[in-house]
Amino acid sequence: MAETIFALSSGAVPSGVAVIRVSGRETKMVLEKICGRVPDARKASVTRLKDPATGEVLDEALVLFFEGPRSFTGEDVAELHCHGGRAVVGKVLSELGKFENCRPAEAGEFTRRAFYHGRMDLTEVEGLADLIAAETESQRKQAVRQMGGALGELYEGWRSRLIHMRAMIEADFDFADEEDVPGSVADEVWSEAAALHGEIAIHLDKSKSGERLRSGLQVVLMGAPNAGKSSLLNAIAGRDVAIVTEEAGTTRDVIEVHLDLGGYPLTLVDTAGLRDAGGIVEREGIRRAQARGQEADLILWAMELDGVPYDDPVSGLPEELREKIPLWIVRTKSDLVTLPEQDSSGTIKEISCSDRNEEGVKMLISALTRFAEETISLGEAPLATRERHRHYLSNCLTGLKTAVHANHLPTELRAEDLRRAADALGRITGRIDVDDLLDVIFRDFCIGK
Ligand SMILES: Nc1nc2c(ncn2[C@@H]2O[C@H](COP(=O)(O)OP(=O)(O)O)[C@@H](O)[C@H]2O)c(=O)[nH]1
Ligand SMILES: [Mg+2]
């Protein structure tokens, strides 16, 4: 980290204001040269930025200086709030690049330095990335909570309990021969370990919900050709996204719309109608439809109200999707017939609607909103939000379980399993050798962050 880095940290120019961030050892020198002085730390000052070689004024800017380690990265940091013109920003960046040991930052490099200097743990880093990517209220709430350290604290709390348990076991082991040590503490430790196993298992159980909230629920429209799927997608999205014609087999590609339903993110996916016939392109469309169905959190099975016989309403739905994925039957084209409402067949929810009838579409939207609320609502406790978290949580559980159940094994081996369990948690927060993980985590970041 010998080099000082700089980048435009605010959005695309032109904009009213553009924030250029500088971090590293040369920050003070850069400020002296370009602003004439180092402003008081943490105080905003309006300053003329000048070309150090010619004295030419580049811009009038609001400058902030944060002395390390009390800064975002933990190093000396400056923020130059310039006018957001393309030429202004281009000129200031090119002047910064002329200083020795200064270079443009790579994507995520400021945050990476913050992590290296212990300003953030890895879950906080991920929370920050999620916050920047958040599109809906519930995603924002979850990200803010994680960025604030709630998830990291939970894991570090569990980890220190494990470390403590191991210390107790080892002390017990070391002094086993000495007479003045009271009876074995081991039994107590193992029952504590079993209790912790239960807590972590419950947390892991809920982790799917955190991940779905982060990435959005996947709801896939499926059904026979011409059932009215694309019309329904358009009606729900409120715009013409998919082509609608009376020709069977119009939709071949998978078409997605991202919806914000009462603050919950939901991706609605339109697919090719399922049938045996069709040319190469349509068959590929059908293959993709089925693949998306496999990953769905909910399938909306579209069928004409007046259509298919009722004994098997979802005839055409591949066997492997039945019962595995929650499914609602959406009876379409309700404007064409007025059949009495059919009884819903118990577990399957049934909704009638038509793209020509606002009421039906509204009903479907509110049912989807409730579904989203129930599936991914934020509780009090922080949730795991990534596959990475789930992976190490289950490693941790394996270690704990082995330790608790292996009462036929020597204590040293059981203590070793406790260590493995603690290390797995340490890898989530980044306390334990994570060099191999960093590239993956920081890959999602943009430049200037
Ligand atoms: N009357 C009526 N026609 C509809 C309705 N929904 C779709 N259609 C018609 O049914 C045909 C097929 O619709 P489309 O949305 O392309 O079906 P998809 O193949 O399932 O995507 C088109 O001619 C639409 O105009 C509806 O609610 N009422
Ligand atoms: Mg279609």
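A Cβ is built for glycine as well, from the same backbone N, Cα and C atoms used for every other residue.
These come from TrEMBL:
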BINDING   Arg21, Glu79, Arg119, Lys449  (6S)-5-formyl-5,6,7,8-tetrahydrofolate binding site
DOMAIN    216-373  domain 'TrmE-type G'
BINDING   226-231, 245-251, 270-273  GTP binding site
BINDING   Ser230, Thr251  Mg(2+) binding site
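Take the binding-site residues Asn226, Ser230, Thr245, Thr251: by the count of other Cβ atoms within 10 Å of each Cβ, the lowest one is Thr245.
Taking a Cβ distance under 6 Å to any atom of ligand 1 as the criterion, the binding-site residues Arg21, Glu79, Ala272, Lys449 reduce to none. For ligand 2, the neighbouring binding-site residues among Arg21, Lys229, Ser230, Thr245, Thr251 are Lys229, Ser230, Thr251, by Cβ distance under 6 Å. Long-range C-beta contacts of Ala272 (GTP binding site), restricted to its own chain and to partners at least six residues apart, with a cutoff below 8 Å, comprise Pro225, Gly249, Thr251, Arg252, Asp253, Val254, Glu282, Gly285, Ile286, Arg288, Ala289. Residues Arg21, Glu79, Arg119, Lys449 make up the record's (6S)-5-formyl-5,6,7,8-tetrahydrofolate site, and a Cβ search at 8 Å around their centroid adds Ser9, Ser23, Ser71, Phe72, Thr73, Val77, Phe110, Thr111, Ala114, Gly448 from the same chain.
The number of other CB atoms found within 10 A of the CB of Ala248 (GTP binding site), across every protein chain shown, is 14. The binding-site residues shown are Arg21, Glu79, Arg119, Lys449; of these, the one with its CA atom nearest the CA of Lys229 (GTP binding site) is Lys449. Taking only the Cα positions, the spacing between Arg21 ((6S)-5-formyl-5,6,7,8-tetrahydrofolate binding site) and Thr245 (GTP binding site) is 52 angstrom. Largest Cα to Cα distance within the recorded (6S)-5-formyl-5,6,7,8-tetrahydrofolate binders Arg21, Glu79, Arg119, Lys449: about 18 Å as a whole number. Highest Cβ count within 10 Å among the binding-site residues Arg21, Arg119, Lys229, Lys449: Lys229. When secondary structure is read from DSSP and collapsed to three states, Arg119 ((6S)-5-formyl-5,6,7,8-tetrahydrofolate binding site) falls in the coil class. The Cα of Asn226 (GTP binding site) lies closest to that of Lys449, out of the binding-site residues Glu79, Arg119, Lys449. Each residue in the domain 'TrmE-type G' (216-373) has a pLDDT score, and their mean in this model is 86. Listed in sequence order, Ser9, Val19, Ile20, Arg21, Val22, Val63, Leu64, Phe66 are the same-chain residues six or more apart from Glu79 ((6S)-5-formyl-5,6,7,8-tetrahydrofolate binding site) with CB atoms under 8 A from its CB. For the pair Lys449 ((6S)-5-formyl-5,6,7,8-tetrahydrofolate binding site) and Thr245 (GTP binding site), the C-alpha distance works out to 46 angstrom.
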